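If you look up Swiss-Prot, you'll see Asn4, Asn69, Asn260, Asn295, Asn375, Asn410, Asn423, Asn492 marked as N-linked glycosylation site. The feature domain 'LysM 1' is assigned by Swiss-Prot to 203-248. Summarising the annotation, Swiss-Prot assigns domain 'LysM 2' to 253-301 and lists sequence analysis as the type of evidence. Feature annotation from Swiss-Prot assigns domain 'LysM 3' to 341-387. The region 'Disordered' annotation in Swiss-Prot covers 523-546, 606-636. Residues or ranges marked as domain 'LysM 4' in Swiss-Prot: 549-596. The compositional bias 'Low complexity' annotation in Swiss-Prot covers 606-619. According to Swiss-Prot, the domain 'LysM 5' annotation covers 639-686, on the basis of sequence analysis.
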Amino acid sequence: MIYNESLPDNLPSLCSKALLADVPCDRLVRDLRPDFFYRPASLERMCTSGCAAALSSWTSSVRSACGKNVSVPTDFDLLASPVVIPATLEHTFEFTCLRENNKFCGPVAALAAVFTDPGVSPFNYLSEAPEGTTDPGRCDSCIAARLRMRAGSPYFDGPIVASESLYQRLTSSCGITGKPVTTTTIDYSISEPEPTEDSCDGTQYTIQNTDDCYSISKAQGVATAWLLADNGLAAYCADFPTSGSLCIANKCDTVTVGVNQTCIAIANSAGITVTQLKAWNQVINPVCSNIGMMNGTTLCISPPGPRLPLPGTTDIPPLVPTTAAPVPTDAAAGSNKPCSRWYNVEAGDYCNLVILKFAISLDDFLFLNPGINANCTNLYAKESYCVHPVGDINTYAGRPGHVSITIDPNATFTGIPFTMLPNATVKGYSRPYTPAPLAKGVREDCVHYFKGDDYQFPPDQLGYWKSNCELAARNYGADNDNFVAWNALGTNVTDPSCSFVPGGRYCGSWNSQVVRTITETEPATATTGDGGPTPPAPTHSGQPQDCDTWHVVSSGDSCQSVADDAGISRDQFHDWNPAVGRDCSTNFWLGQAYCVGVSEDMGDMSTVASSTTSSVTPGPSKPEPPGPTHTGQPSDCDEWDVVETGDTCGSLAESNDISLSQFFDWNPAVSRDCVANFWIGQAYCIGVSS
C-alpha cells in the first residue's frame with residue numbers, strides 16, 4: 001500500500017516492515033478518497049470482505065509492531081502513532097463501501113447531489129440525473145448512514161460534522177431513532193513539541209494590587225487589545241491576571257473610547273483617517289460595528305510598536321561627482337571641459353576598451369574629448385583623457401539639457417504678478433437628462449444603475465426567477481449577497497417579497513460587469529402570423545405551433561443556459577423542443593432556432609409594468625416605515641431611521657435626540673449589546689406619537 005521511500009528513516013525495522021506489508025486488495029483501494037463518488041461497478045470490484053479483513057489485520061499488525069513510543073509527523077506539526085496510516089485508509093474504505101438495505105450508499109449520495117446541484121463536478125461521475133430516477137431525499141437511510149459515520153469519525157471533516165450536530169438535527173427532523181453516533185479516536189503519540197521560551201520585544205511590567213486591564217493600558221501607553229494579544233490573554237479583559245508580569249510591546253499614542261463614540265468621531269478628533277484607525281487597531285471590524293463594545297478601552301491613534309531610528313550621516317562620497325578633478329599636465333589637446341576623472345592612456349589601449357573600462361558611452365567620451373576624431377584613430381598613449389563628467393553631462397554647453405540664462409538683478413518686472421491673475425473657472429458638464437434619485441441606502445459609487453420602474457413584473461411573468469430582485473441580479477451577473485448589500489434590500493433576492501420602489505435608482509454592478517438585457521430583441525427577419533412569429537432560423541420537427549419566442553444557438557450555448565436566459569425550466573425547454581436529447585448531446589446545433597416560449601404560457605414578456613398612480617384621501621395616518629422592520633415595535637411609532645454603514649445603537653439614539661433606553665424599549669428585537677438584529681437597511685423606531 002505504501003513505498004519504503006515515503007517512510008521516515010528513524011522508524012524501527014519491525015515497524016517499517018509492518019507498514020510495508022502487502023495488503024491483498026484491489027489497486028483502487030490504495031487511492032481511495034472520501035470526497036469522491038465511485039461507480040457501482042467499481043464498488044462491486046473493490047468492496048470485498050477479503051479486503052476489509054486484510055485492512056483490519058494490517059492496522060492491528062502496525063499497532064502491535066510500532067507500539068506507543070514511535071511516532072511519525074503529520075499535518076500541523078503533530079506527531080502521531082504510525083497506526084494512523086493504515087487506520088485512515090481503513091476508515092476511507094469502510095466509508096466508501098458503506099451499505100444500507102443491501103445497496104451501496106455512495107451512488108445514492110451521488111444521485112442526491114445531482115438533484116441538489118445539477119452540473120458537471122470533478123467529484124461526481126453523474127452530470128445529470130438519469131431518466132426515470134427520483135431524488136432520494138435528505139431522509140434516505142443511506143444519506144443518514146453516511147452522515148452518522150462522519151459524525152463519529154476523527155478523520156477528515158468528522159470533528160466539524162460532530163461539533164455542528166448535523167447528524168442529530170437530521171435524525172430529529174426525519175424521525176430516525178435507535179441509531180446513535182459511535183465515536184472513534186486517533187492514536188496520537190504522547191510526545192509533544194518542546195515548549196519555546198516566551199520572549200518580550202518590549203518591556204516587562206509587574207502587575208500591582210490596584211491595577212486592572214484598563215488602568216495598565218492607559219498608564220503604559222498601549223492599546224487594550226494590543227496588551228491582551230501580546231500576552232495571550234482573553235478578549236474584553238476576561239479573567240485578567242491580578243499578579244505576575246506583562247509584556248508591553250506595541251506602545252503608541254492612545255485615546256480612551258467613550259460611550260456611544262463612533263470610529264469617525266475618534267478619527268476626526270485625533271486628526272487621522274478611519275482607515276488608519278482600523279489599521280492600527282485590528283480588533284475593530286471592517287464596518288466599525290463593534291466599537292460600541294469597546295467603551296473604556298484604549299485605542300492606538302499612532303502606529304503601534306517601536307519607532308525606527310532616523311538615518312544618520314554617512315561618509316560615502318556621492319555617486320555622481322560634483323567637483324572637478326585637477327587638470328593633469330599631460331591632458332590631451334581639446335580635453336578642456338570640467339572633468340571629475342582623468343585616465344592616462346597606455347600602449348595597446350583603444351577607444352572601445354577605454355569606454356568599457358569606465359562605463360561611459362562613445363558619444364559622451366568623444367564629447368568630453370573633442371580632439372579625438374570620429375573614427376577614434378588618434379587616441380595617443382601617454383596622454384590623459386576625460387572619462388567622467390562633473391554632475392549631469394547633459395547640462396554641459398552644447399548638450400540638450402544645457403540652459404544659459406543671464407539675470408539682471410536691476411531689471412524691472414513687466415509681467416502680471418501671479419497674485420493678480422484671475423481665478424480659473426470650469427464650466428460643468430450639463431447632463432442631457434436628470435437621473436432619478438438613488439433609492440434609500442443604495443451605494444453612490446456603482447458602475448451601472450437601473451430604475452426600479454424597470455423591474456415591476458408580476459409573479460406570473462417572472463418565470464424561473466422568484467422575485468424582481470433575483471431577475472435584476474441575474475441580468476447584471478451580480479452575486480446575491482453583494483447585490484443585497486449594494487442596495488440595502490434587507491432580505492435575500494430569492495425572497496418573493498423582495499422588490500424595488502418605483503421612481504428610484506438601484507445599483508446593478510459595483511465593478512465592471514457585463515449587463516444582460518431583460519428581453520431579447522426579435523430578429524428583423526421574423527414575421528408574425530396566426531401561429532406566432534416566424535422562426536428566425538432553421539428548426540426541428542415537433543416544436544409547438546403556438547411558439548412565439550425563439551432562440552438561435554450561438555457558440556458557448558447549452559440547453560441549460562438557453563433555458564436560464566429565457567426564464568424557463570429545463571423541462572419546458574425539452575417539452576417544446578422534443579428533438580433535442582435530454583442530455584443535450586443530440587440535435588442541439590449552432591445556428592438552429594429553438595422554442596423558448598409559447599403564447600399560452602409566456603404572456604407578453606416585452607411589456608414592462610409601468611408605475612401607477614392612485615388618489616389617496618388626505619387624513620390622519622402614521623408614516624410608513626422606510627425599510628423592513630422587526631416585530632415588537634410600537635404601533636404608534638411615527639418616526640423611523642434606517643441603519644447605514646457605520647451606525648451603532650448609540651449613534652442612532654444620539655442623532656435622533658433619544659436615550660439609548662428609549663431606543664431599546666421601542667425596538668425590543670435588538671439585543672442590549674447591539675449585536676443581534678441590528679441590520680444595515682433595516683428601519684428602527686426613534687419616536688412615538690403618544
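Cβ coordinates are placed from backbone N, Cα and C, and glycine is handled just like the others.
Since this is a predicted model, take the numbers as computed values, not measurements.
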Which same-chain residues, if any, lie at least 6 apart from Asn260 (N-linked glycosylation site) yet have Cβ under 8 Å of it: Gly292, Asn295, Thr648, Gly650, Ser651, Ala653, Glu654, Leu660
Asn410 (N-linked glycosylation site) to Asn423 (N-linked glycosylation site) - Cα separation in whole Å: 30
Site of maximum Cβ density within 10 Å, from glycosylation sites Asn69, Asn375, Asn492: Asn492
Asn375 (N-linked glycosylation site) versus glycosylation sites Asn69, Asn423, Asn492 - nearest by Cα: Asn423
Inter-residue Cα distance where the pair is Asn492 (N-linked glycosylation site) and Asn423 (N-linked glycosylation site), in Å: 52
Inter-residue C-alpha distance, Asn492 (N-linked glycosylation site) and Asn69 (N-linked glycosylation site) (nearest angstrom): 55
Within the predicted model, mean pLDDT of the domain 'LysM 1' (203-248): 92
Listed glycosylation sites (Asn295, Asn410, Asn423), ranked by Cβ neighbours within 10 Å, top entry: Asn295
